[in-house]
Structure formats: structure tokens, C-alpha cells
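Annotated features, as they stand in Swiss-Prot:
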DOMAIN    85-343  domain 'Protein kinase'
BINDING   91, 92, 93, 94, 95, 96, 97, 98, 99, 114  ATP binding site
ACT_SITE  209  active site, proton acceptor
DOMAIN    385-420  domain 'EF-hand 1'
BINDING   398, 400, 402, 404, 409  Ca(2+) 1 binding site
DOMAIN    421-456  domain 'EF-hand 2'
DOMAIN    457-492  domain 'EF-hand 3'
DOMAIN    497-527  domain 'EF-hand 4'
BINDING   505, 507, 509, 511, 516  Ca(2+) 4 binding site
């Protein structure tokens, strides 16, 4: 087959030694990362005191704005990964760092930890790339065919990304070992690969580097689930933007990438190349050099004459042709691939996918009402860069472009993500996300219910949210301020206030200070998510 890990910009991807948990940053374009302006501390409220020997004046605390740790890449204070996980043997090594087997101390469960050396992240673009990759992994985590993200940690020397351990090895290795797959096996794998593409596109992400090396098998079993693991070249899709930087790996790169004018359709092309290899054991466009490969891709002649193609079904060849159509506007979409007769008629039905958005909505409905209100405040202040993927999801679900999502639109949107919920379960999620109770989910409510928890870890977001409730700048959220907020958001009564105070007020002074508020937002004040059976 030749070397299938060449890059369009470099023959050495720097990723192969990392056991599928790759390092892709050297070929990625610079992305714009939001900068945050930290709010100034509020002026202390004016308080007049009458001096008394018996009652000395009490000065209310002033909540200082957060002070970020200098030179942090993740934008939050240093966090020692070794306080949660013990790092074990090396699994692989790449240009930017090392992947280790790690064990969660509390549970004994094993994961993979990619430790990226900060010394090697020399440029601003390198740091932005790491941030974006983590953001996309967090955004997509929770899907059946996407590796589960467990957490990101940063210390003085490294950024550590902990994720699901896939013990079955690379799909690429199995392809080489077998030479080719049966049509049934190829259809199963193709469905999983295209399902990843479909979910990425629905959630506003373009992968840009689909290839067998970037898929790992969850276990060593023959029918192990396939997991996409490497999102180092992925970007959030910007509506109307055509991308021009050449990225990807030589055999799998789409012709429009070489012409420097492309969109998300490139992922379907790459999946089509994978399907061709699954069926025949060789790539459709082959040459001794990268230039030769690129010339063959631009020429676009697909060989269906050599063995084993005469024995391959016409339906399979039809799907390959449609996925490898030169004109991206005429190329089949990922959703259409999944409906193609070769996949649809030859496959048993999939198990329901508990999608990322669904998982977060389940957690959201279990939160206390102060946390829901605070999330809404944070959501309304997030910038475009932070919510690109969720914005695309909202647009996809809001089919009538009304600016709100109805029950029917929510049900249809979740179905597109692969979830098979009953009407009662969808209604429960609808009621949870519909904070103001008007029967539909507006844009801010949707972002509030579905944004990933990592957004809450930024101190500046928590500080702004605390200031929103602390109207008199006293350094505390009082019962009166809580009551005012609940009335404004139409979210509760006196009993609700009592419940919130008792849950969050850990020092039992009848008020909520900034530390208690942060503890609640970072997890201390959230109940266990309810299970939908």
C-alpha cells in the first residue's frame, strides 16, 4: 500500500508513534482564539458606621477579580493531573509529547493521557491549536464512535489531555493485516466512519484529517467499536467561509484541498478513500511520491477493473463513486451516505446513541435553579469563538428559522444525532431547557443547556455571573438578591430560595459568598444527573 501517513504539507505526520492518540499541530493553520478582558473589582458599597466600643465597624468583603496563573495555555489555574490519575507506561510518542497509560486513583479505571510539552509549543499558533483541539474534543465527547474526553490539566511544564483508552489498536493495522475486508465488515466500518463525519458536521465541526490511523478500536475483539481519536486538524465550521490552507494526509486529501478552496465536503471524500481501501486493500490514488499522488487525485480516475473489484457489488461501487465525486457540490453528503442502500439495507439497526447534547441536557435538568440562572448569564456573555459548534447545532435544529426550537424540532434534531427517545423523554428535556417556561427553547436557553462544563472553569465567567446576582457589591448573594433574580427569571418561590441557600451556603451564614458560588458552579452544587430509562 505504501506509506499512508504522509501529510499534504509534510511526509512525516509526527503522529504514528503515539498509538492513534496523535500530535497534529505542526501542519495546522493559526486560528483566532478569544482573548478575555478581566473585569475590574467593583467599588465597595458605601457604608456609614457609628463608632461604638461595643460594636466595632464591620467592613464587607470586596470580591477581587480572578488572577489567572501567568502563561497558562488553558486559561485557568494550574491543576495537577497526578492528584487525580497515576501515570503508567508509555503508549506512544509524538513530536509534541508522550501518551501514557494512566489510572484514575479513585476508581482504578484506566485511560490514556497525552502529555504535551509546553516547551515545544513555541508559537502563539501552537498554543491556539492545542486549545482548539481540546475545545473540539470536549464539544464532541459523548458520542458512540468518538473517543470520550475525560479532562484537561495544566502544570508548569505540560498540558495533559486524559481520554478513553482504546485497547484494540489502530484500524489501519487491521486493514494491513487483513489486506481487505468482506463487504459486510467494510459496511460496518464505513457506517461508523461516516457516522463520525455526520455528527461532526451536525455539531459544526470539520475534521480535515480522516484516515484509518486516526481511528482506534475500543477492544481487541473482532467486532470492537470504532472510535475517532485525533482532532488535531479539526476546526469549527464558519458559515460561508471557504478554507484555503492545505492540511490532511496525502492519500486521503480531497482535490478541492489541493485547489485551496474547500469546505466540509472534504470529510466525505476522505471517508470514501477509506471505504475504497477497506474493499480493495489499496488506496484509489497511488504513486511513489506525494506529487504523484496529488496529480492522481486531481485527475480523478478510479480503478474498478483490477482485483477484487469485479467481484464487488455494484451497490458498493456506486457508493464509492458518489463519495469520490470530484465536484464537492455534486458529492454525496454524510447523511445521504448513511441512507445509501448498500449501508442501509445491509446493516442491522444501530444501538441508540446517547449524544453529547442529550447528556448535557440531562445534567442540566438536575441542577439547582441558581446554577441554571448563572449558566444563562454566562451563556449570554460567551463570544462567537466559544460557541461556534453549538450555534451550528441550534441552526440545524431550528428548521423554520424562527429563532426558537419547538418540541417537534428538538425531537427531530436529537433523532439526527442518533438518539431514540420516547415522546415523554423528549418532553422532559424540553421542560428542563425551557428556563422561562414559554414552551420553546430560545438561542440563549439552548446554549445554556448544552454548553460543555469546561466553559464554567474560566474564572472571568464565574466572576461576571457572581456580580450579576450581587447587586449591591457586598461580596455576598443575599436572600433578597436571590429572590429578585428568581422573580426576574420566573423560576421559583420562597421554598426554592430556602433549598438553594441550604445546598450552597456551606458556612451557614445565610448568604452565598464568592467561594461558595464557585464551588457550586464547578460541581459542588450539582446533583447527580437523573437517568432516563
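Including glycine, each Cβ sits where the backbone N, Cα and C put it.
Structural mapping of features recorded in Swiss-Prot.
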residue : record                       : DSSP (3 states)
93      : ATP binding site             : strand
99      : ATP binding site             : strand
209     : active site, proton acceptor : coil
398     : Ca(2+) 1 binding site        : coil
409     : Ca(2+) 1 binding site        : helix
507     : Ca(2+) 4 binding site        : coil
516     : Ca(2+) 4 binding site        : helix
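Rounded to a whole number, the distance between the Cα atoms of residue 505 (Ca(2+) 4 binding site) and residue 91 (ATP binding site) is 45 Å.
Looking only at the recorded positions 209, 400, 507, the densest Cβ neighbourhood within 10 Å occurs at 209. Calculated from their C-alpha atoms, the gap between residue 507 (Ca(2+) 4 binding site) and residue 404 (Ca(2+) 1 binding site) amounts to 41 Å. Each residue in 397, 399, 401, 403, 405, 406, 440 lies on the same chain as 398, 400, 402, 404, 409 and has a C-beta within 8 Å of the C-beta centroid of that Ca(2+) 1 site, without being one of the site residues. The Ca(2+) 4 site is defined by 505, 507, 509, 511, 516, and by the 8 Å test on Cβ atoms against their centroid, the other residues of the chain that qualify are 476, 501, 504, 506, 508, 510, 512, 513. Residues belonging to the domain 'EF-hand 1' (385-420) score a mean pLDDT of 76 in the model. A distance of 44 Å separates the Cα atom of residue 97 (ATP binding site) from that of residue 409 (Ca(2+) 1 binding site). Shown are the binding-site residues 409, 509, 516; of these, the residue with the fewest other Cβ atoms within 10 Å is 509.
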